[in-house]
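Listed in TrEMBL for this protein:
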- 12-32: transmembrane segment (TRANSMEM)
- 44-64: transmembrane segment (TRANSMEM)
- 70-89: transmembrane segment (TRANSMEM)
- 120-140: transmembrane segment (TRANSMEM)
- 146-169: transmembrane segment (TRANSMEM)
- 190-223: transmembrane segment (TRANSMEM)
- 243-259: transmembrane segment (TRANSMEM)
């Protein structure tokens, strides 16, 4: 096991914590490491790190759609692949693990044991396929409207979904996810969500705001499902919330683009 004694007397640094979150969230060669306690103090800032990642993905979408003249579906698949690769497939195991835990019958303790098991069942693989397929379909839909800024919004609000779940959940200890849950409180959640909503409005008007609402709805649903099945929540639950949050944000924006 890695020796964490190096971080024992570490003082909190906002810049180092932000860079630590970026290192944790992506494969970008930032290589700034900090203690999990210091890093998670800025959990509320996570959506803005993924605002940056969303901008990179939107550039990828623009190049695919407008420079290479690929069709919307191919461009959507490339954007999704880019997001998964740059984030190091960070939350996909959470989708599969939580799905396996939910599918099994029994008490919360048994469900948690299955969720934390390293093996993956049919329910987990099928759920990942469904979430990934629908996400590509959602990206295809917004790109069909040439709403490229929707890529930025959905990636940023995926983390708003995660924060919503963290706010409404009790942490399963031990585990990395417990630190993020403990550091999410109503005050920093509200501040983060207000800023995310403002940015989304600037980027996409009311369509962008509906993307935020979709992510919040997703976070609430995942929190309720986790509470019913596991009572507590861990990193797998937060990972599921992130991926489903991106999907729900795309869903709400796709519907809004048709009607607005």
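Placement of Cβ uses the backbone N, Cα and C atoms for every residue, glycine included.
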Contact call for the transmembrane segment (190-223) and the transmembrane segment (12-32): at least 3 Cβ pairs under 8 Å, seq gap 6+: no
Stretch of maximal Cβ-Cβ contact with the transmembrane segment (44-64) [cut-off: under 8 Å; candidates 70-89, 120-140, 146-169]: 146-169
Intrachain neighbours beyond the transmembrane segment (243-259), with Cβ under 8 angstroms and 6 or more residues off its ends: 91-92, 94-95, 131, 134-135, 138-139, 141-142, 145, 147, 150, 153-155, 157-162, 164, 204, 206-208, 210-215, 217-219, 221-222
Tertiary contacts of the transmembrane segment (146-169), as residues 6+ beyond its ends and Cβ separation under 8 Å: 43-44, 46-51, 53-55, 57-58, 61-62, 65, 79, 83, 138-139, 180-181, 184-186, 189, 192-193, 196, 199-200, 203-204, 207-208, 211-212, 214-216, 218-220, 222-224, 226-227, 232-233, 237-238, 241-246, 248-250, 253, 257
